[in-house]
Amino acid sequence: MTSVGLAPVSGLRESSSHSVGVDRLPEEMNDMRIRDDKEIEAAIVDGNGTETGHIIVTTIGGRHGQPKQTISYMAERIVGQGSFGVVFQAKCLETGETVAIKKVLQDKRYKNRELQTMRLLDHPNVVCLKHCFFSTTEKDEVYLNLVLEYVPETVHRVIKHYNKLNQRMPLILVKLYTYQIFRALSYIHHTIGVCHRDIKPQNLLVNPHTHQVKLCDFGSAKVLVKGEPNISYICSRYYRAPELIFGATEYTTAIDIWSAGCVLAELLLGQPLFPGESGVDQLVEIIKVLGTPTREEIKCMNPNYNEFKFPQIKAHPWHKIFHKRMPPEAVDLVSRLLQYSPNLRCTALEAVTHAFFDELRDPNTRLPNGRVLPPLFNFKAHELKGVSAENLLKLVPEHARKQCPSLGL
């Protein structure tokens, strides 16, 4: 285990010692490894390490003959807070690179599932884990700090930006954002086997210059095993699939598809499609649009749900929910995503091949500011495993095939 210090900065109380020993962590924590064995610990003794100007010094390397390297992060500002802990923006003093550090209280009895998941992820549309370290407080609490790439904006804030201007988001951005969401979901669902369980605009990061989207916050993510129960109270309101509202515990990755459908509808409308303060409110909003679910649909969502006391309401036609000038492909994709029966929803990869995204496959398409689109077709072979030859040619348009030499197209 390493021994590291906290570098005092002006305006902060200097600790009595410049080098603070880190308590030995429980054995199960010692087993945790991330890509490239970059596991680090740091001791924090002055406050919680997230105040502006606070400096955290950590050591990486030292394994397999690698030289030890000191990395110092200066906390700049808090960018997110919740029941999980805190996310703060920080700057690496050695390189000048800006990062996001997610700091969560670590229960010593368990491995951290978010860290275990993030170790597996490597995709252009998923936020990248750079490394991690543990920190301890004076109260002997252990915190896990995930050092992540910093992406300055969220889809949520982009929606708010256009609402303030009283404008609809340009359709090219709607296509660009949702295409990348489905690419990320296809990767985590089929390559990694993980369900995110909290897809919402706040968890979709956007680079405002390139419009590249990255899925973040894997704090609720889980590998779903058939036959094993899961908690139904996950996913944020407005984006919760109906089977979760019905209390299903044997759900599938189709809950993420429903959430992504809600995000797409919100980008098109400028407001949530199914607002509701409670599960019942939410269900009422869904029924107003999709109509009352049939007995068969309820059985598909939760076989144990026998109460059937809903008012009989007819489905509201999708073309009446959206503006009459809305492209029919957009309406068609929303209708394929927002199905009561989880097994009738299209998969993430099927969504990526949908005609709604054909404009993105046109080599002449540009961003509203005239710039080229971010990389959209840099697939790796494992992402397209089992894809038919016909769909393969659709997924990787001719002009982009040199981006994927390993696919042999």
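Residue 1 is the first one shown; counting continues down the chain.
The backbone N, Cα and C atoms fix where each Cβ goes, and this holds for glycine too.
Annotation source Swiss-Prot lists region 'Disordered' at 1-27.
The domain 'Protein kinase' annotation in Swiss-Prot covers 73-357, and the record cites sequence analysis as its basis.
The Cβ of Val87 (ATP binding site) has 21 neighbouring Cβ atoms from other residues within 10 Å, across all protein chains displayed. For Val79, Gly80, Gln81, Gly82, Ser83, Phe84, Gly85, Val86, Val87, Lys102, the entry in Swiss-Prot reads ATP binding site.
If you draw a 10 Å sphere around the CB of Asp198 (active site, proton acceptor), it holds 21 other CB atoms from the protein chains shown. Annotation note: Asp198 (active site, proton acceptor) sits in a coil segment as assigned by DSSP. Marked as active site, proton acceptor by Swiss-Prot: Asp198.
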* To do: With H, G and I counted as helix, E and B as strand and the rest as coil, say where DSSP puts Ser83 (ATP binding site).
  => coil
* How long is the line from the C-alpha of Gln81 (ATP binding site) to the C-alpha of Asp198 (active site, proton acceptor), rounded to the nearest angstrom? -> 16
